[in-house]
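J.: After the structure tokens below, expect a handful of questions from me.
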Amino acid sequence: MTEPVRIRVESQAPYDVVVGRGLLGELVDMLRDASVVALVHQPSITTTVETVRDELAAAGLDAHRVEVPDAEDGKSLAVAGFCWEVLGKIGLDRDGVVVSFGGGAVTDVAGFVAGTWMRGVRVVHVPTTLLGMVDAAIGGKAGINTDAGKNLVGVFHEPSAVLVDLATLEGLPRNELVAGMAEVVKAGFIADPEILRLVEADPQGALDPAGEVIAELVRRAIQVKADVVASDLRESHLREVLNYGHTLAHAIERRERYRWRHGAAVSVGLVFAAELARLAGRLDDETADRHKKVLDLLGLPTTYDPDALAQLLEGMRVDKKTRSGVLRFVVLDGLAKPGRLEGPDPSLIAAAYSALTGAPEQKSGGSGVLL
């Protein structure tokens, strides 16, 4: 990818996702009309953000850094409250812009803060992790965690632009790059099988942050999300397909007190969802088995604690897709054919979890659909 690629998200307020290398300089042009700019970022990229702040200041913009905790520690009401206080102190009004720098967690909290400050101010996302690029920065969903669960408090607040500078991937720790690949693989299974073919053909290239394979994977995964978001901004039905693998994943994250990387949990969740669909008679063996094979090629986890099902069911009960106590899972009816499985029998869930862990089946508890 030599020239920047612009992917249009045709939502209620259309915007571009610009994908390329060496793009941070474009941010100045995007923000020229901003009264005040708040650069929300995680500690690990302070030097980069300070350089951006200096460039904005040189262009005559009133820009301020707002540092928030890394990863899921940054997605709390206390952190959002801190950000609101800073926005008040720097005088960010309705002509101001919030800019997020970092991974998915920073994107979430910055989007949430922007969406609630003065009932909504502009936000521009500059994701610097693979997960942020292909998932969190696109679509306008923003939320924070509470003791009740992950992302249960949030808003829909679309960005005015997303700037995906692939050069930032070159500074990522390898385990973070690997974790982000789970969302890329998810996009392959729900909509674009070419993603899976590219990974299978060159798994090392898929993890080379400076290579062309990862650039193509990122572009394709972003296009998948842009297409789905354009069809369903508010997650009423179609957009639920983006939660493939996430019902179990969010329960794992909650059980692990958010010490697991989101992508690692999604990887396990994808395998579980495939087993669930296989046992329900909805997914062929080849496609179900392909989940684990592709994820293994990338070094992602594909199993979990065999004794954790009861705790995980508690976490799944508070999943956003659950309705009136009935668990709902996104499953596949074939490659790139996502659907929904509602209220599966507890024995089916237990069997799928057993297939995931390779351990004897546990009793999932309860009966019928009231899991």
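Placed from the backbone N, Cα and C atoms, the Cβ positions cover glycine too.
Here's the feature list from Swiss-Prot:
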BINDING   70-75, 104-108, 128-129, LYS141, LYS150  NAD(+) binding site
BINDING   GLU183, HIS246, HIS262  Zn(2+) binding site
J.: Which Cβ among the binding-site residues (ASP70, GLU72, ASP108, GLU183) has the fewest C-beta neighbours inside 10 Å?
T.: ASP70
J.: Out of GLU183, HIS246, HIS262, the binding-site residues in the record, which is closest to GLY74 (NAD(+) binding site) when you go by Cα distance?
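T.: Closest by Cα distance to GLY74 (NAD(+) binding site) among the binding-site residues GLU183, HIS246, HIS262: HIS262.
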J.: Setting GLU183, HIS246, HIS262 aside, what same-chain residues sit with their Cβ within 8 Å of the center of the Cβ atoms that define the Zn(2+) site, listed in sequence order?
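T.: Nearby residues not in the site list: LEU131, ASP135, ALA182, LYS186, GLY245, ALA249, GLY263, ALA265, VAL266, GLY269.
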J.: Fill in the CA-CA distance, THR129 (NAD(+) binding site) to HIS246 (Zn(2+) binding site), as an integer in Å.
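T.: Between the Cα atoms of THR129 (NAD(+) binding site) and HIS246 (Zn(2+) binding site), the distance comes to 19 Å.
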J.: Could you tally the C-beta atoms, other than its own, that fall within 10 angstroms of the C-beta of HIS262 (Zn(2+) binding site)?
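T.: I get 26 for this one.
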J.: Roughly how many angstrom lie between the C-alpha atoms of VAL106 (NAD(+) binding site) and HIS262 (Zn(2+) binding site)?
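T.: If we compare the Cα positions of VAL106 (NAD(+) binding site) and HIS262 (Zn(2+) binding site), the gap is 13 Å.
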J.: Does DSSP give THR129 (NAD(+) binding site) helix, strand or coil?
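T.: Going by the DSSP assignment, THR129 (NAD(+) binding site) belongs to neither helix nor strand, so it counts as coil.
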J.: What are the sequence-distant neighbours of GLY104 (NAD(+) binding site), meaning same chain, six or more residues apart, C-beta distance under 8 angstroms?
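T.: Counting only residues 6 or more apart in sequence, the Cβ neighbours of GLY104 (NAD(+) binding site) under 8 Å are PRO127, THR129, LEU131, GLY132, ASP135, ALA136, ALA137, HIS262.
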J.: In angstrom units, rounded to an integer, how far apart are the Cα atoms of GLU72 (NAD(+) binding site) and GLU183 (Zn(2+) binding site)?
T.: 17
